[in-house]
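What TrEMBL says about this one:
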- 37-475: domain 'Major facilitator superfamily (MFS) profile' (DOMAIN)
- 31-50: transmembrane segment (TRANSMEM)
- 105-123: transmembrane segment (TRANSMEM)
- 135-157: transmembrane segment (TRANSMEM)
- 169-189: transmembrane segment (TRANSMEM)
- 286-304: transmembrane segment (TRANSMEM)
- 324-345: transmembrane segment (TRANSMEM)
- 352-375: transmembrane segment (TRANSMEM)
- 387-411: transmembrane segment (TRANSMEM)
- 423-440: transmembrane segment (TRANSMEM)
- 452-472: transmembrane segment (TRANSMEM)
Amino acid sequence: MGGPAAVSGGGSNVYEHLIDSSKPWWKNRRLVALNGWILLLLITSSTNGYDGSMMNGLQSLPQWESAFNHPTGGMLGLLNAIQNIGCLAAYPFSPYMSDGLGRRTAVVFGAFIMCAATILQTASHSVGMFIGARFMIGFGLTFAASAAPVLVTEIAYPSQRGPVTSLYNSLWFLGSIVASWTTFGTFHIPSSWSWRIPSALQGLPSVCQIFLVWFIPESPRWLCSKGRENEALRTLAYYHANGNENDPLVEYEFEEIKAALKFDREVAANVGWKSLFTTPGNRRRLRIMIAIAFFSQWSGNNLISYYMNKIFIAIGITDSKTQLLINGILNIYNFIIAILAGLLCDRIGRRPMFIASTIGMFVFWTLQTVCFALYSETGNLAAAHTFIAMIFLFYAFYDIAFTPLIVSYTVEILPFAIRAKGFTVFNFSVTLSLIFNQYVNPIALAALGWKYYLVYVCWLAFEVVFIFLFLVETKNRTLEETAVLFDGEDNVDRLAHVAAEQAGVIASEQHSEREKASTDNIVEVAKV
C-alpha cells in the first residue's frame with residue numbers, strides 16, 4: 001500500500017488546448033443550463049447540513065426539550081445518531097442502484113424516501129416516531145448522496161469539474177444556515193410548531209429534486225458502460241460543445257471515456273467489492289479515502305457541530321437566544337470560506353490545501369483546549385470569550401480543505417468501474433465515525449470536561465503527519481487521468497495518448513507543427 005507522498009499535477013496539454021476560452025461560461029446558454037442542473041444535484045448536501053444544524057438548534061428550544069422529555073446522554077446521542085444509522089442500513093444497496101439503474105434514478109429514489117420521512121418527522125408526537133422518521137431520512141439520503149456528487153463530476157465541463165464538485169460538500173453549510181436561522185426565528189413560537197416548522201423545511205430540497213431531476217442529463221460515462229455510446233456522445237456534445245459532435249474537446253472526452261473503461265476492464269475484470277483491495281492502486285485509493293473520511297469527523301468539528309449548546313453551557317453561555325445567534329453566524333462564516341476554498345482548488349492544488357488545513361486545525365484546537373481549561377479551572381471570562389474566537393479560527397482552517405475537497409477528491413481518484421462502490425465505502429466510513437462521535441462525545445464531554453479536548457489534540461497531530469506523507473496531488477487533470485493516476489504515471493500518459501490519437505488530436509497537432517516548420521523554412525529562405 002506504499003506510494004509517493006505527492007505526484008506532480010501537471011495535467012495534459014492536449015486537454016488544456018481543447019477548452020474553448022473565447023467567451024466566459026455564463027455567456028454559453030447550454031453551459032448555464034448544465035450548471036443549473038448541477039446546482040439541483042448539489043443541494044443534496046444541503047439536506048445533510050440542514051439535519052446537523054437543526055438538531056443542534058432544537059436542543060436550544062425549550063418546546064422540543066419538553067416534547068421529548070429533556071433527552072440527555074445516551075438518548076440524546078441516539079436522537080442525533082439515528083439518521084446516520086439509517087445511512088448505514090442503505091449502504092449495501094445504494095451502489096447497485098446507482099451503477100445498475102443510473103445516477104438520476106438513485107437520486108430521485110432517495111428524494112422520495114426523504115420526503116415521506118420529513119412528513120413523519122414533522123407529525124411526530126413521541127420519541128419513537130421521531131427516531132423512526134430520522135432513520136428513514138438517513139436511509140433515503142444514502143441513495144441520493146451516493147449518486148449526486150458522482151453525477152456532478154461525470155457531467156461537469158472539464159475545466160469546471162474540480163470547483164463545481166468541491167461546491168457539493170460546501171453547500172452542506174447552506175442547509176446548515178437555513179436550519180440555524182429557522183430555529184432562531186421559531187424560538188418565540190410558544191407551541192410545538194417551534195420545532196415542527198424546521199422539521200418540515202428539511203424536505204424542501206428533495207421536493208425540488210423529485211420534480212426537476214428528470215431534466216438533468218444522465219452520466220455519459222454510465223451510458224458508455226451500458227453500451228449506449230451514441231447517447232453519451234450526444235450528451236457530451238449538447239452541453240460541452242453546443243451540439244457539435246465533431247468538436248475536438250467532445251471527441252477527446254468521448255475517446256478518453258472509452259479508453260478508461262477499457263483500461264478498467266483490463267486492470268480488473270471483476271469489479272465487485274473485492275476489486276477495491278486487489279490492486280496496489282486501489283489499496284492506495286482506499287487508504288486515503290478512509291483516512292480523510294475519519295479525519296473529516298474526528299477533527300473536533302463534530303463535537304462543535306452537534307453539541308455546541310453543551311459546550312456553551314460548559315463555558316458559561318447559558319442564554320438560548322445567544323447560543324442560536326452564534327450558531328447562525330458561524331454557519332454563514334463557514335459557508336463563505338468553504339465556497340471560496342472550493343473555487344480555488346484548481347489554482348492552489350489539493351495537497352497544499354489539505355496540509356494547511358490540518359496544521360491550522362491542530363494549532364487552533366490546541367488554543368481552544370487551553371481556553372477551555374482556564375475557564376473550567378479558574379472561571380476566567382476572558383478565556384471563555386477567547387474560546388469562541390478560537391472556534392471561528394479553527395473552522396476557517398477546517399473549511400479550507402475538509403469541507404470542499406473530501407467529496408470531490410474521493411470521487412475524482414476513483415476509476416468509473418469502482419466509483420460508486422468506492423464512494424459508498426467513503427460514505428460508510430464517514431457515517432461510522434459520526435455514529436461513534438454522536439454516542440461518545442456527549443458522554444465523554446460530561447465526564448471529562450476540558451480534558452476530553454486533549455484526545456483531539458493528539459489525533460490532529462496524527463492527521464498532519466498522515467496528510468503530509470500520503471496525500472497525492474491531482475489538480476489540472478481530466479477525470480479519467482486523475483482516476484488512473486494511482487495506477488502509475490505511465491498509465492496516465494498511455495490513457496491520454498490513446499484518447500488523443502483516437503480523437504485525431506495528435507495528428508492535428510503534428511500537422512500544425514509541420515506547417516509551422518515549413519513556414520519557418522520559407523522565412524529562412526526568403527532572408528537568404
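Cβ from N, Cα, C; glycine included.
In TrEMBL, annotation is done automatically, which means it is predicted and not curated.
Beyond the transmembrane segment (31-50), the same-chain residues lying 6 or more positions past its ends with a Cβ under 8 Å from any Cβ of the stretch are 25, 107, 110, 114, 141, 144-145, 148-149, 151-152, 155-157, 160, 164, 167-176, 178-179, 201-202, 205-206, 208-209, 212-213, 215-217, 239-240, 407. Sequence-distant contacts of the transmembrane segment (286-304) (same chain, at least 6 residues past either end, Cβ-Cβ under 8 Å): 1, 276-277, 311, 354, 358, 361, 365, 368, 391, 394-395, 398, 402, 406, 409-410, 413-414, 422, 425-427, 429-430, 433-434, 437-438, 441, 445, 453, 456, 459-460, 463, 466-467, 470-472.
Proximity of distant same-chain residues to the transmembrane segment (387-411), defined by a Cβ-Cβ separation under 8 Å and at least 6 residues beyond the stretch ends, is recorded for 45, 149-150, 153, 162, 165-170, 172-173, 289, 292-293, 295-296, 299-301, 304, 315, 317, 326, 330, 333-334, 337-339, 341-342, 345, 350, 353-354, 356-361, 363-365, 367-368, 371-372, 375, 419, 422-423, 426, 474.
Proximity of the transmembrane segment (135-157) to the transmembrane segment (452-472) is not established, fewer than 3 Cβ-Cβ distances being under 8 Å for residue pairs spaced 6 or more apart. For the transmembrane segment (352-375), the neighbouring stretch richest in Cβ pairs under 8 Å, chosen from 105-123, 324-345, 423-440, 452-472, is 452-472. Nonlocal intrachain contacts for the transmembrane segment (423-440), taken as residues 6+ away from its ends with a CB within less than 8 angstroms of a stretch CB, comprise 74, 77-78, 80-81, 84-85, 87-88, 91, 94-95, 142, 145-146, 149-150, 276, 286, 289-290, 293-294, 296-298, 302-303, 306, 410-411, 414.
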